[in-house]
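In what follows, a single structure is set out as structure tokens and then discussed.
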Amino acid sequence: MGYARKVGWVTAGLVIGAGACYCIYRLTRGRKQNKEKMAEGGSGDVDDAGDCSGARYNDWSDDDDDSNESKSIVWYPPWARIGTEAGTRARARARARATRARRAVQKRASPNSDDTVLSPQELQKVLCLVEMSEKPYILEAALIALGNNAAYAFNRDIIRDLGGLPIVAKILNTRDPIVKEKALIVLNNLSVNAENQRRLKVYMNQVCDDTVTSRLNSSVQLAGLRLLTNMTVTNEYQHILANSISDFFRLFSAGNEETKLQVLKLLLNLAENPAMTRELLRAQVPSSLGSLFNKKEYKEVILKLLIIFENINDNFKWEENEPAQNHFSEGSLFFFLKEFQVCADKVLGIESRHDFQVRVKVGKFVAKLTERMFPKSQE
């Protein structure tokens, strides 16, 4: 009896394993008819700058990056970070089998392959899963599929026409941080489209609140910042974030380097809009902001922050803002820039260990600041 029972358990295990592998194969294999249908709707290439005219600082765009791929799109392999922030929900004894299955389909699941592109009918089924399911692992897998398909320009219109925007946005109310992150990634990829942005603007306040209250440096916080960065590449919806600029400066001061750089991309979009100059100057900044200039390891952060300050200085009109100076409170960015010479002295001092490029940039900015924004004749 003992031997027969063992044989039975082994047989059951083989059947379950074969079934799981077959399901993975069915989900990832390419269909020729899908390929032909998608060829009629578009090339399938990820668009570079999105459909928004006048795009500025899209998410993940770096000055020294020569890649032609879109920097505002987030791509996830179908098996990526399932379950927990460290990896998979599968129990330890199943990890070996899961790894073998992932390796088997890895070649077929790449962002450059049409095998991962779903037809409108399949996208409708995935959206139904997102709308009806309450199980986190199902929601996560479905959102990963949606996010990967939203990386293609023609699919952004299809998902919108299928009513996908409010369905995905509803997931932002979940308490599961992993599911929420995946929902933000889907919305981020969909937001590289003018019509989608127009419809997503109603969720900006919620995304902003979730972003500033999330755990510092968490994946949810970074995903929210990326979405807000994409939503502010044009001037049209920037005013929605006017009351949250102080919170962004707080995140900038407290966050790690990755968070700092992501906040800077968002603030740079705002700083390039003259209509947001007064809102930026009115924002409260932490007293620790000045100490950033004491740390030479933050060279890239300092240089990008100086670009933001230069844009604010260039957009500042003394004649219009002189009567409003009394409306800028102590601790605001206006007063920080007014006392910026203190930070500059630390960078330009004899004992400074800063890079030569940083020293030159700070020196030029102080000269511009004194000439335009705070002329001595007006003090």
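Cβ atoms here come from the backbone N, Cα and C positions, even for glycine.
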Region 'Nuclear localization signal' according to Swiss-Prot, located in which of 89-98, 159-168, 239-248, 359-368: 89-98
Swiss-Prot annotation, phosphoserine - which of S110, S119: S110
Residue carrying phosphoserine as stated in Swiss-Prot, selected out of S43, S61: S61
Within the repeat 'ARM 1' (111-151), residues counted as helix, strand or coil by DSSP: 30 helix, 0 strand, 11 coil
The repeat 'ARM 2' (153-192), counted residue by residue under DSSP: helix, strand, coil: 33 helix, 0 strand, 7 coil
